[in-house]
Amino acid sequence: MSLSTVNHAAAAAAAAAGPGKSFSAAAPAAPSVRLPRTRAPAAAAVSAAAVGADRAADRVSALSQVSGVLGSQWGDEGKGKLVDVLAPRFDIVARCQGGANAGHTIYNSEGKKFALHLVPSGILHEGTLCVVGNGAVIHVPGFFNEIDGLESNGVNCNGRILVSDRAHLLFDLHQAVDGLREAELANSFIGTTKRGIGPCYSSKVTRNGLRVCDLRHMDTFGDKLDVLFKDATSRFEGFEYSKSMLREEVERYKRFAERLEPFIADTVHLLNESIQQKKKILVEGGQATMLDIDFGTYPFVTSSSPSAGGICTGLGIAPRCIGDLIGVVKAYTTRVGSGPFPTELFGEEGDLLRKSGMEFGTTTGRPRRCGWLDIVALKYCCEINGFSSLNLTKLDVLSGLPEVKLGVSYNQPDGQKLQSFPGDLDTLEQVQVKYEVLPGWQSDISSVRSYSELPLAAQRYVERIEELVGVPVHYIGVGPGRDALIYK
């Protein structure tokens, strides 16, 4: 089996040749897989771009006042790019959950790469206000590092980022505990990013966590932090705790509190007031529905709700205010960490897909597991979220394959077809996937900007996905850059 010569590794290298460099270290580079390729005529690409511009304006302007971009697989679908593209038409871009475990890679107009983790992907657009909502968890040192990296690369963050006073603080001790927890689990480890996300949400649920607003009361901050340290000591034998450690941490956060103060806001009030003022809000989800604490492949999930319900609880806005929700899905499937993956490809097939798609985690650099597009899981995500449309990303990565496959149903070992996505992991791990095989396409589609210019086989692939899940594909990604997007 062979894959595309024009892959994301080549596109990223071309972008890096432009002015400036990325402020965040890129994931480990993988060798390209190169094959002869038929290129689309340049003139056709130019005319297609003109048609695409009109369609793009129509698509984006038609989005509702409060819209959302959510992942519909196991993360890493390319949500950040779509948010970056849509952001100029919105007044506010808001993160509703998660923390620095999210990794959103975007490129500015000059091709400079930015790897964002907590700061919303709308930050590259000067007129956009970025909000980190109450459902997120904030590692303050990491937050400042991200801001410093942005500003050192010419991105103005002054007065453009607000953090909810209700958001919980993620401390270094949460990260230490995360590593200890994974070590305890040994062979059954979940495969977290070890960024402390789970332990921080655990502190929130057990009600001994500290919130951003606690930084405004340093007279009691130390006592509250002491409770948190003692709890970690009692639960993890390897966690060291001393009074001097506590004093050092309190002094450190006194300095952080002064710098963070201009960013702190009652974002619940701000967002609801903005809705009253008819301002447009774009919600940027982190992770994805298949990692949802309730609906994902538990326990191999994140600790928050990256599905539609998390928008309301993570921002404090009413369900009736939410309009269009766009589900972002790769043209194939990837997963980082442990957990069942029914359509996973092993050996040479999986390796080639990983190399062509540059499938290495933005946050951890870990190689992603790769497989065919899982229609059963995608339909499940569409049901839960009520997506109004889909953004199919990385379609170009499949170029060069003689055939492409869609996992259309699950059968139990006895041959009986499952009627829904199973919540029982024992069942999920034993399913036999039934595939639908479609013809592949050989031509390079990375310069295509009009749907009609795509090879017929690629169009058929897109349309078959629409038929199977019952949701239209409005956006198609054919490369990492802002302009590498087809509006259907």
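Glycine too: its Cβ is placed from the backbone N, Cα and C atoms.
Given the structure is predicted, the values throughout are model-derived calculations rather than measurements.
The active site, proton acceptor annotation in Swiss-Prot covers Asp76. When secondary structure is read from DSSP and collapsed to three states, Asp76 (active site, proton acceptor) falls in the coil class.
Summarising the annotation, Swiss-Prot assigns active site, proton donor to His104. When Cβ atoms from all protein chains are considered, those within 10 Å of His104 (active site, proton donor) total 25, not counting its own.
Residues or ranges marked as GTP binding site by Swiss-Prot: 75-81, 103-105, Arg368, 394-396, 477-479.
Feature annotation from Swiss-Prot assigns Mg(2+) binding site to Asp76, Gly103; the stated evidence is sequence analysis.
In the three-state DSSP scheme, Arg366 (IMP binding site) falls into the coil class. Swiss-Prot lists Asp76, Glu77, Gly78, Lys79, Asn101, Ala102, Gly103, His104, Thr193, Arg207, Gln287, Thr302, Arg366 with the feature IMP binding site, giving sequence analysis as the kind of evidence.
Annotated substrate binding site per Swiss-Prot: Thr362, Thr363, Thr364, Gly365, Arg366, Pro367, Arg368, in sequence order. Annotation for Arg366 (IMP binding site): spatial neighbours Val336, Gly337, Phe360, criterion Cβ-Cβ under 8 Å with sequence separation of six or more.
The transit peptide annotation in Swiss-Prot covers 1-47, and the record cites sequence analysis as its basis.
Of the recorded residues, Val478 (GTP binding site) and His104 (active site, proton donor) place their C-alpha atoms 17 Å from one another. Lys81 (GTP binding site) falls within a helical segment according to DSSP.
In this structure the alpha carbons, written CA, of Gly75 (GTP binding site) and Gln287 (IMP binding site) are 5 Å apart.
Ranking the binding-site residues Thr105, Gln287 by C-beta neighbours within 10 Å puts Gln287 at the top. Using CA atoms as reference points, the recorded positions Asp76, His104, Gln287, Gly365 were checked against Leu395 (GTP binding site), and the closest is Asp76. There are 26 other CB atoms within 10 A of the CB of Lys81 (GTP binding site), with all protein chains counted.
Only Asp76, Gly78, Lys81, from the recorded positions Asp76, Gly78, Lys81, Gly365, Pro367, place their Cα within 10 Å of the Cα belonging to His104 (active site, proton donor). Thr105 (GTP binding site) carries a strand DSSP state (E or B).
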